[in-house]
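> Can you keep this structure in mind? I'll have questions shortly.
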Amino acid sequence: MKEEQIKQIVEQVIKTFEEAQSVPMEVPVEVSARHIHLSKEHISLLFGSEDQLSIIKELSQPGQFQYDKRVTLIGPKGSIGNVAILGPSRDETQVEISYTDARALGIKPPLRESGDLQDTAGIIIATGHKAINLEGGVMIAKRHIHMTPKDAEVFHVKDGEHVKVRIESKRPIVLEDVLVRVNEKYGLSMHIDHDEGNAAAYQPGTTGKMIK
């Protein structure tokens, strides 16, 4: 191979690398307030049937929505009312709260990825007239980024990878150990809880810059 050809190849590699580095690594950030995903069984026990629930708002993730009804969480130390119910229903009930919520309720839920319910905390879930004792299912959700496979290619990450994200706000902070979740059905968005949002002085429209 001639020296000129080698030079052209090296220049192309450098150009490709620089272009990759120049790709904006920003993602929209959303604060995920305390909420619950109910199983069909628990919807029936609390409300009679799923027909009693109406969708009032579509969420940023395709196919996800909020119902019109709310529940109260009751723990050994206190209770938290007006907790949103998100749909669609799941195979198992899952409750996502913050560390501040956990202290107010008097429980010690683990930090988990959504869907990992083994050895999670219990809680009483109540409506105006009915209540169920959930033996497990309460967690503090790990901060994470939803993205499509195409997004993952652009950001040079893969499903299950952990990254750092600098929250671009009036009170910028760097969040480590942010889980990347990749699926065709997802929409690009980073989810943090209220504790993390308050620490960063979050406001709607806040973005995060991914740090590899």
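Glycine too: its Cβ is placed from the backbone N, Cα and C atoms.
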> Per Swiss-Prot, which one of Glu96, Glu113, Glu135 shares the Zn(2+) 1 site with His35, His37?
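Zn(2+) 1 site check in Swiss-Prot: besides His35, His37, the record includes Glu96 out of Glu96, Glu113, Glu135.
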> If Swiss-Prot gives His144, His146 as binding Zn(2+) 2, which of His162, His191, His194 does it give for that site as well?
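Record source Swiss-Prot; matching candidate: His191.
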> Quick one: which of these binding-site residues, Val31, Ser32, Arg90, Asn198, have their CA within 10 A of His191 (Zn(2+) 2 binding site)?
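Near His191 (Zn(2+) 2 binding site) by Cα: Val31, Ser32.
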> Specify the count of other C-beta atoms within 10 Å of the C-beta of His37 (Zn(2+) 1 binding site).
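For His37 (Zn(2+) 1 binding site), the 10 Å Cβ neighbour count is 21.
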> Spatially, and counting Cα to Cα, which of the binding-site residues is closest to His35 (Zn(2+) 1 binding site)? Options: Lys77, Arg90, His144, His146, Asn198.
Arg90
> Write out the long-range same-chain contacts of Val31 (CoA binding site), meaning residues 6 or more apart in sequence whose Cβ is under 8 Å from its Cβ.
His191, Ile192, Asp193, His194, Glu196, Gly197, Tyr202
